[in-house]
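According to TrEMBL, the protein carries these features:
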type     : residues : note
DOMAIN   : 40-182   : domain 'Fatty acid hydroxylase'
TRANSMEM : 23-46    : transmembrane segment
TRANSMEM : 121-141  : transmembrane segment
Amino acid sequence: INRFIVAPTYFCHMARLIQQSDFDFSLTIFTPVWALAQCLALFAIYDSVYTPLHRLAHVRSVYGWIHKHHHRQLVPFRGTYDAVNEHPLELLVGAYIHVFALRTMQAGLRIAGHWLVGFDLHVHILAVGAFLAASVVMGSLNHTRVDVNVPKVFSVRDHDTHHRVFTTNYGQYTMWIDKLTGSYQPYCASASAKEQ
C-alpha cells in the first residue's frame, strides 16, 4: 500500500509545492554555507514535529494500532524496505512533515529577511533537493547495519538504539529533541535489548 498509494500521492503534492512556491532558483545568492544552514534548519524543524509524534506512537493505547508493525523487525537491516514497513497513516504523516518543514522554513526566512536585511529571503531549491534526498538516504540508512556517523548531527546507531530500547531516541534524523527531553540514550554495542 505504501509504495503504490502513499508515495505517489506525496510526490505529486511535493511537485505541486515546488511549482507553487517561491523557492530561490538562482545560483547568484546561493552558497554552500547557506545551503548547509538551510538543510540543518530543515532537519531541526522536521524532527521538532516528528519526535513528539513518534513518542505519541509509542503510547500503549496507540502503539498496537499504528506503530507496532514497524517494530516487529527488532534489528532492521533491509534499508528502505524496513524504513517504509509501517502503517500507511504513519508513512503519510512522516512524509508530510517534510512539507511542513519547507513551508515553515519559507515563512521563517521571509520574516527574518524583512527584519534583518529588508527583503525576502527564500529557501533555495538546491537546499530543498538536498534535504529531500538526504532524508531518503538517512531514513534508509537508519534501517541498515551500516555505521554512518556525522558527529553532533546524525548517527545510524541512534536509531539502532531506538529499535533495541523503544523508550529512547524518538528522533528520525537528529536527536536534539531527545537530548532536550531526556529520552536520548547513547548506543551501547555490548548491550542487548533485554539488558537495557
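Heads up, the Cβ atoms here are built off N, Cα and C, so glycines get one too.
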Calculate the per-residue pLDDT averaged over the domain 'Fatty acid hydroxylase' (40-182) and state the result as an integer.
89
What are the DSSP helix/strand/coil residue counts across the domain 'Fatty acid hydroxylase' (40-182)?
93 helix, 5 strand, 45 coil
